[in-house]
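Trainee: Quick one: this structure, given as structure tokens, is what I'll be asking you about.
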Amino acid sequence: MTENKINIFLRIRPTKKQLSNYEIIDEGQGLVIDIPKENQAVEVINNTKERHEFRFNKVFDREARQEEIFQDVAPRLPEICIAGRTNSGKSSLINHLLAKPGIARTSSRAGKTDEINLYMVNSSLILADFPVYTLLAPSCGRF
């Protein structure tokens, strides 16, 4: 009988605001959050603790790059790159292939995808949604 194991990872979202109330511990496998009592909302059920500790397979800090995260989180799978010209429907194609409208961000404005987005499909392959390439002259300053 095979053992089913669920791996849980945490990524601390990059923000411009400096956050000082957390600490990554145990070589990147734990997170401690300090919540001073004066900042806790009245609605908080258990406001007796000021220090909360959580365990994960790995914690990725705000500086972690998407490539680093995917290298640790995703197994080595075949990758299919979706690339094309500006506003050619790359993200719409991914939404259609995955049968999940809105999973890939779309817009009528050209160039909405501004970073490489990776989608794992049924733990068997990875779809990569690449930013646009354009035929505009570099001097236009848009891309």
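The count begins at 1 with the first shown residue.
Just so it is clear, glycine is given a Cβ too, placed from its N, Cα and C backbone atoms.
In TrEMBL, annotation is done automatically, which means it is predicted and not curated.
Below are the features I grabbed from TrEMBL:
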DOMAIN    5-74  domain 'Spindle pole body-associated protein Vik1/Cik1 microtubule binding'
DOMAIN    79-131  domain 'G'
Trainee: Considering every residue in the domain 'Spindle pole body-associated protein Vik1/Cik1 microtubule binding' (5-74), what is the mean pLDDT value?
Mentor: 77
Trainee: Please spell out the DSSP helix, strand and coil residue counts for the domain 'G' (79-131).
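Mentor: Breakdown, helix to coil: 9 helix, 15 strand, 29 coil.
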